[in-house]
Amino acid sequence: MRVAIIDYGSGNLRSATKAFERAAREGGISAEIDLTADADRVRTADRIVLPGVGAYADCAAGLRAVDGMWEAVEDVAIAQSRPFLGICVGMQLMSERGLEKTVTHGFGWISGDVKEITPTDPALKIPQIGWNTIELRRQHPLFAGIPTGPEGLHAYFVHSYHLDAKKPDEILAVADYGGPVTAAVARDNLVGTQFHPEKSQALGLALITNFLRWRP
């Protein structure tokens, strides 16, 4: 099995690659973790990971700037229905639009727009940086075997925007940051996390392992 982590100049690429390598090694999973900027290698991968940090518009432009990459991601994730994981802004790009700086169109796989988080508590700063407990809205193989509650579902966030998903059945998990924040989304063979699995220690390692074993 080959897992393509897409390198388009955005995301915690080194730490993400090492986290996937560790998850495969410790989980006894035979997997080649391939950090690549080659669209052809993405097209032939068994599963793909799209990281991303920074502004939505910048990440969308960066991905489109890599020759054939936007189309390759759509081909693998939609036409071929292979497992896809979006991380942080990589998850946000699964949405219809991003409203940061300007209106930017995403892949349109998850209904809704990416909007600024607006906590009701003025003491809560933007961006949200640090640990937060997430709450599952439904069961999913991505979270199989992970204890519920603050001990198990403890994730690391760095963001000012979140995917305001329109369809409740596409919301997998939420966090409370002065109001509900979308923490994870899922549809068919597609999953995305607003938090960073590669920085989320036990939860992140378990989640990555589950993704590598997932057979949607």
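Just so you know, the numbers here start at 1 and follow the chain as drawn.
Glycine is no exception: its Cβ is also placed from the backbone N, Cα and C atoms.
Annotation comment: Swiss-Prot describes 2-216 as domain 'Glutamine amidotransferase type-1'. Look at Swiss-Prot and you will find Cys88 tagged as active site, nucleophile, backed by sequence analysis. The active site annotation in Swiss-Prot covers His196, Glu198 and rests on sequence analysis.
What Swiss-Prot annotates, mapped onto the structure for a quick look.
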| residue | record | Cβ neighbours (10 Å) |
| --- | --- | --- |
| Cys88 | active site, nucleophile | 28 |
| His196 | active site | 22 |
| Glu198 | active site | 27 |
Could you pull the average pLDDT for the domain 'Glutamine amidotransferase type-1' (2-216)? 95
Quick one: Cα separation, Glu198 (active site) versus Cys88 (active site, nucleophile), in Å? 11
Inter-residue C-alpha distance, His196 (active site) and Cys88 (active site, nucleophile) (nearest angstrom): 6
Reduce the DSSP letter at Cys88 (active site, nucleophile) to three states and note it down. coil
